[in-house]
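Participant: Have a look at this one.
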Amino acid sequence: MNEEQQVLQEQHQEQTQEQTQEQKETLPPQIERRIKKLISLGKKKGYITYEDIDKAFPPDFEGFDTNLIERIHEELEKHGINIVENEPEEEEISASSDEQELEELLEKESPEIHDSSNVRDSIKMYLKEIGKIPLLTPAQERELARRAQMGDKKAKEKLITSNLRLVVSIAKRYMGRGLSFQDLIQEGNIGLLKAVEKFDWRKGYKFSTYATWWIRQAITRAIADQARTIRIPVHMVETINKLNRLRREYYQKHGEEPSIEELAKMMGKPPEKIKEILEAAKETISLESPIGEDEDSSIEDFVADDSIASPKKEAMRMLMREELEKVLKTLSPREAMVLRMRYGLLDGKPKTLEEVGQYFNVTRERIRQIEVKALRKLRHPSRSKYLKSLLSLMDENEG
């Protein structure tokens, strides 16, 4: 490389750095305001806790990603503000014996979660096992992260296992909020995995500090999702059933779903009210979509029911699930996956149109169209007759 080329390369690098800096400095007003409040609070207290950051940027905050995490960290660091796990007085309280603390924490949970000594013993055994794993120094963290980024699976595994205690220490602080201790640990471990995937060792951050963001985010998001379980009042259920019936009638007549305005006319209610009803219904009636020429059966009939105690009935349901999968495979891969996600055939949890849309990176309306088309295909005699014969088999078994 001659001298002129070197000068041009250096100029290009400087321009790129300047552009990157300009992009970094430009923040949406709502984010900038929240960061300024954190800085102000940090200067007043002399530190910032993760709880302070959670309040400023809750789990459902739009735009929470790796870049935002790094930006918050940089801004606080720039002003000489340290991030600490807890308020100083809380740190003193948490210094008690681990085993005694665990017993007290488990006592606070609902009896049905931990009334089994086996559950308690398995938790204690898990804590004992991860307690044997030595903690890493910042230098070891960076080296393992560097190797993990290059595809070293053993380095990645060691980085994860060495931070399992961190997950437990964070999970303890969220007990009594709707999830069992085991579930909290599991969700926290998912956050830890995400942190390992996204950690950039070249930034100079301590991995455990960076991972704490993702662990807390995963746990608080899981708690928030749990809290969203909707209990619909009886009068609303009746309204939803009526709306559903009118939608089916309209679809049979016109071959397409009615618009909000058309539903409003049929129901004699304003469009805004129809939107409210649909919002309340989307998580609870998704399993009611009919299958079969006579529309006398639904997807719900094929979803495994964990409350069934009889091994014979459970085996029958498992068989039906397998047969349903065979039928779904006659659809296009996208149609089949949309139905699996919408009706909870993957994990027993139905997904909203928006959630499925995010998975496929398309609009809610596009997912609705795919779903309607797929259900129309399932109503074809070549498929629906087979499903109906399975239903009759199940009826005989239950009789």
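Heads up, the Cβ atoms here are built off N, Cα and C, so glycines get one too.
Pulled these from Swiss-Prot:
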| type | residues | note |
| --- | --- | --- |
| REGION | 1-31 | region 'Disordered' |
| COMPBIAS | 1-10 | compositional bias 'Low complexity' |
| COMPBIAS | 11-25 | compositional bias 'Basic and acidic residues' |
| REGION | 30-107 | region 'Sigma-70 factor domain-1' |
| REGION | 159-229 | region 'Sigma-70 factor domain-2' |
| MOTIF | 183-186 | motif 'Interaction with polymerase core subunit RpoC' |
| REGION | 238-313 | region 'Sigma-70 factor domain-3' |
| REGION | 327-380 | region 'Sigma-70 factor domain-4' |
| DNA_BIND | 353-372 | DNA-binding region |
Participant: Please indicate, using numbers and ranges, the residues of the same chain that are 6 or more beyond the motif 'Interaction with polymerase core subunit RpoC' (183-186) and have a C-beta under 8 Å from a C-beta there.
Facilitator: 126, 167-168, 171, 174-175, 219, 222
Participant: Quick test of the contact rule: Cβ under 8 Å, at least six residues beyond the ends. What residues does that give for the DNA-binding region (353-372)?
Facilitator: 251, 256-257, 282, 289, 334-335, 338-339, 341-342
Participant: Mind tallying the DNA-binding region (353-372) by DSSP state, helix then strand then coil?
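Facilitator: The breakdown for the DNA-binding region (353-372) reads 17 helix, 0 strand, 3 coil.
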Participant: In the region 'Sigma-70 factor domain-2' (159-229), how many residues does DSSP assign to helix, to strand and to coil?
Facilitator: 56 helix, 0 strand, 15 coil
